[in-house]
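Undergrad: I'd like to ask some things about the structure below.
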There are 2 protein chains.
Amino acid sequence: MATNTDVSALIRNQGDVIRALKSSGASQEQIDKEIAKLQLIKKEHDKDDKPQFSLKCAKGARDFDPQQMAVRDQLFSTITSCFKRHGAVTIDTPVFELKDTLTGKYGEDSKLIYDLQDQGGELLSLRYDLTVPFARYVAMNRIKQIKRYHIAKVYRRDNPSIQKGRYREFYQCDFDIAGQFDPMIPDSECIRVVAEILKELNLSDFVIKVNHRLLLDAIFSISGVSEANFRTVCSSVDKLDKISWEEVRNELVKEKHIPQETADKIGTYVNLSGDNSLLNKLQTDPLLSTNQNAQIAINELQLLYTYCQRLLIGQFVTFDMSLARGLDYYTGVIYEAVLIGGHKYEVGSVAAGGRYDGLVGMFDVKNRAVPCVGVSIGVERLFSIMEQKMKGEKIRTTETEVLVMSGEDGFLEQRLSCIAKLWEQNINAELFYKKSSKLLTQIQFCEKEFIPLGVIIATEEQKNGGVKIRNISTREDKFVRDEDMVLEIKAFLGNKKCS
Amino acid sequence: MATNTDVSALIRNQGDVIRALKSSGASQEQIDKEIAKLQLIKKEHDKDDKPQFSLKCAKGARDFDPQQMAVRDQLFSTITSCFKRHGAVTIDTPVFELKDTLTGKYGEDSKLIYDLQDQGGELLSLRYDLTVPFARYVAMNRIKQIKRYHIAKVYRRDNPSIQKGRYREFYQCDFDIAGQFDPMIPDSECIRVVAEILKELNLSDFVIKVNHRLLLDAIFSISGVSEANFRTVCSSVDKLDKISWEEVRNELVKEKHIPQETADKIGTYVNLSGDNSLLNKLQTDPLLSTNQNAQIAINELQLLYTYCQRLLIGQFVTFDMSLARGLDYYTGVIYEAVLIGGHKYEVGSVAAGGRYDGLVGMFDVKNRAVPCVGVSIGVERLFSIMEQKMKGEKIRTTETEVLVMSGEDGFLEQRLSCIAKLWEQNINAELFYKKSSKLLTQIQFCEKEFIPLGVIIATEEQKNGGVKIRNISTREDKFVRDEDMVLEIKAFLGNKKCS
């Protein structure tokens with residue numbers, strides 16, 4: 001790139017050129033062409049002149065301001081309550097894992113893993129999800145049974161799209177059940193957890209698409225795909241919620257060299273979806289009925305459906321043969337919740353998960369498996385919708401109950417003494433960090449910040465050994481003696497909370 | 001390195017050698033020598049045989065199990081309540097920042113910053129603290145005034161010491177006040193926040209050491225340190241809580257080439273500590289009284305002390321000239337809370353902070369400053385002490401209120417129907433993921449996990465259109481009709497909560 005001095009010289013030269021053209025009576029077209037060149041050079045020059053640092057967040061990451069945090073807290077609290085309702089404990093794991101821990105777990109998505117620079121010592125990567133760290137934790141601690149939730153950030157070097165709610169740093173809220181149990185019972189609970197959260201958030205209607213990895217494998221197998229190609233075909237099929245079957249077929253045939261007739265055969269199955277009756281239809285399909293994997297999968301899905309009905313969530317479940325889930329580690333039932341209707345933009349899946357019976361074993365020297373099933377709530381998309389819904393609403397970002405004020409000079413120390421008494425009694429209180437301010441400004445601050453009560457320190461009341469307390473909404477003042485202040489305030493706030 | 005096959009051959013050969021020596025009647029010494037060689041080879045072989053991955057957390061990082069999470073939640077909840085009591089909002093920033101954002105902010109500690117690998121795109125580093133990201137946030141959003149707290153993990157490539165509670169990934173809980181205010185008012189509130197949290201945690205007595213960067217600079221200046229060396233001398237002095245003055249003096253003289261008489265002069269000041277009377281003494285010190293910085297600093301500290309007394313925390317404050325705080329960005333008052341007495345091991349500082357009036361300006365093209373003061377709570381050390389105190393205590397890790405049980409076969413679907421009713425009513429409930437289990441096992445699980453209530457589904461009660469509910473602690477059973485079940489359970493749990 002040209003240095004600043006080079007560019008300045010270029011600008012001067014180009015100026016000379018334009019002036020020469022003008023004085024020689026050249027055509028306007030010719031002159032405009034040279035002016036355009038000058039502007040281009042200047043633009044380049046301005047770029048070089050920018051300050052040495054950029055004042056921004058890393059690409060694909062973002063700050064949350066206090067209003068956003070208030071919305072996010074509301075979302076997390078709904079999710080956490082649900083996880084606790086189902087008896088889950090919580091754990092935490094580091095934001096980075098040994099690079100080897102993540103290797104070979106994510107198939108084609110592995111290229112999106114963030115690595116840390118080798119600064120001596122271990123090679124580390126940022127976690128890509130919470131599932132692999134969970135499996136590592138279970139294996140490392142030789143845990144046979146655990147139901148845990150984990151809410152934390154994960155990292156993907158993906159192409160960010162704010163419109164689609166796709167970030168490089170984002171939260172996952174995971175709920176997983178590990179242990180050797182009778183089939184489909186924990187699986188149906190995971191689906192119930194998704195339904196409960198989406199019902200409670202009440203953002204829109206939703207469906208939970210369900211499929212089975214073994215059924216997909218059976219479809220690939222009877223269509224003529226070799227076992228070695230199952231996973232790569234799977235990640236193409238997984239795109240069916242974003243692109244058409246024609247495009248997926250193209251990718252299979254042209255990029256992945258799957259024969260046309262194989263691709264077409266796959267197409268006849270993966271475009272199927274429906275309720276329980278689809279399972280009955282598949283069970284008697286001439287090709288699938290000869291495939292053992294297909295029969296296992298269909299039996300499991302039928303059992304799952306029965307349990308979901310018992311759990312009062314049967315109406316949300318749709319069997320969808322196009323659901324594939326890109327990740328390598330799934331081994332059984334897979335599911336994905338999608339919001340339907342009433343949205344300005346396509347939000348895609350808002351929760352997804354499935355069974356991964358082999359992952360813990362990958363971390364065990366003796367390959368001891370602990371079967372797992374779980375679900376991850378896609379909070380960023382839910383957050384975007386909530387934010388849109390609450391746009392314009394004034395959201396409270398503090399919990400301040402009292403502002404200790406004075407409209408007169410010279411009362412700073414009294415204000416400090418007063419607020420200390422409130423803090424000692426666990427009352428949420430603030431004061432202006434100024435020696436003097438107008439009383440009106442302080443009262444307006446209370447109104448703006450929804451602070452219900454003011455304590456006003458003034459000469460007159462001080463003489464009588466007390467303060468005024470002001471009900472901000474009614475604008476009523478009341479004199480209270482210093483020794484009664486805390487009790488009076490507590491009584492006022494107590495009534496507030498009950499009303 | 002030798003391959004496995006090489007090593008196997010070596011072992012076989014060495015075995016042959018030993019056998020040959022034995023049969024030839026060689027001396028025991030000779031044989032032992034060859035056996036030792038064999039053992040060495042075998043050891044090497046075993047090493048090669050280990051799985052290719054290590055099942056561990058990254059060095060200096062750790063997992064938190066459910067019990068630890070319960071303790072941590074308790075700690076965070078105390079801290080968060082205090083921050084909210086003081087009217088702070090909360091924000092969040094990404095775990096990584098542009099590398100440039102962190103450059104030049106931490107002085108000699110900058111070498112401890114984790115960089116991400118350059119995988120194309122921006123150069124990123126993991127945040128080292130929450131203060132610099134906060135300043136970046138304030139500058140980027142042109143904020144003039146904010147009081148915010150932020151609880152999040154930070155990263156330092158430090159030498160980890162579990163005993164000292166020093167990790168490479170650890171939480172910070174920061175409370176900061178940005179804005180142009182009258183002197184020492186927000187500063188005294190930060191100190192009050194520290195005192196409130198430490199009092200409420202009630203782990204041990206504590207003192208809050210206070211000093212002023214300008215006073216330190218004055219001491220360095222009158223001792224003959226050139227301004228360019230202020231910060232490097234400062235980071236040596238900062239070690240006085242860990243090493244003796246003799247060692248610090250050595251570092252100053254031998255490593256940092258400060259003249260001996262300068263070092264000794266510094267020594268006469270930085271070893272001073274005491275209450276308000278120390279400030280009076282320093283104010284009249286012949287050398288310091290001629291130094292403008294010293295006079296500004298002492299006046300501010302005196303004002304701070306007055307406010308701290310008003311805020312009922314004067315008794316916790318000690319002025320300590322050895323307190324320096326290593327970080328570059330402090331510009332005024334600095335403080336650090338230390339626990340005293342009653343500890344098995346030295347925990348060092350548990351909270352620290354100060355005034356940094358220049359940091360936001362460093363992120364502004366026009367260098368517009370926003371004065372800031374704040375404090376960071378060292379939760380890892382507090383967590384270690386809490387964990388030790390609670391050792392042996394049985395800590396509840398779930399909030400389950402009801403276990404839906406059956407001692408008979410064939411009731412799985414009824415259990416699912418029953419638990420769905422409870423979940424619909426927001427009752428925290430679990431069931432065993434088995435088609436059948438012994439009733440005793442289920443009851444024992446309730447006892448172990450502190451679940452207060454059982455719902456027992458059995459043939460007899462089903463015939464009569466209901467279930468038994470079992471009070472786990474009294475072992476009393478009560479028949480309730482299906483339509484009354486939820487209300488009965490709510491009544492029971494409601495009473496539980498009040499008692």
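Just so it is clear, glycine is given a Cβ too, placed from its N, Cα and C backbone atoms.
Remember, TrEMBL labels are computer predictions, not curated facts.
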Undergrad: According to TrEMBL, A:Asp129, A:Leu130, A:Thr131, A:Gln172, A:Asp176, A:Arg325, A:Tyr329, A:Tyr330 bind L-histidine; so which of A:Arg156, A:Arg157, A:Arg192, A:Arg310 is the extra one listed there?
TA: A:Arg156
Undergrad: Count, for each of the binding-site residues A:Thr131, A:Gln172, the other C-beta atoms lying within 10 angstroms of its own C-beta, and report the residue with the smallest count.
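TA: Output over binding-site residues A:Thr131, A:Gln172: least Cβ neighbours within 10 Å is A:Gln172.
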Undergrad: What does DSSP call A:Arg325 (L-histidine binding site) in the simple three-state scheme?
TA: coil
Undergrad: Give the three-state DSSP assignment (helix, strand or coil) for A:Asp129 (L-histidine binding site).
TA: coil
Undergrad: So if I measure Cβ to Cβ from A:Tyr330 (L-histidine binding site) and keep only same-chain residues at least 6 apart in sequence, which ones fall under 8 Å?
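TA: A:Tyr330 (L-histidine binding site) has long-range Cβ partners A:Arg213, A:Gly354, A:Arg355, A:Tyr356.
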Undergrad: Need one number for the L-histidine-binding residues A:Asp129, A:Leu130, A:Thr131, A:Arg156, A:Gln172, A:Asp176, A:Arg325, A:Tyr329, A:Tyr330: the maximum pairwise CA distance in Å, whole number please.
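TA: The two farthest binding residues have Cα atoms 21 Å apart.
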Undergrad: A:Asp129 (L-histidine binding site) has how many other Cβ neighbours within 10 Å of its own Cβ?
TA: 19
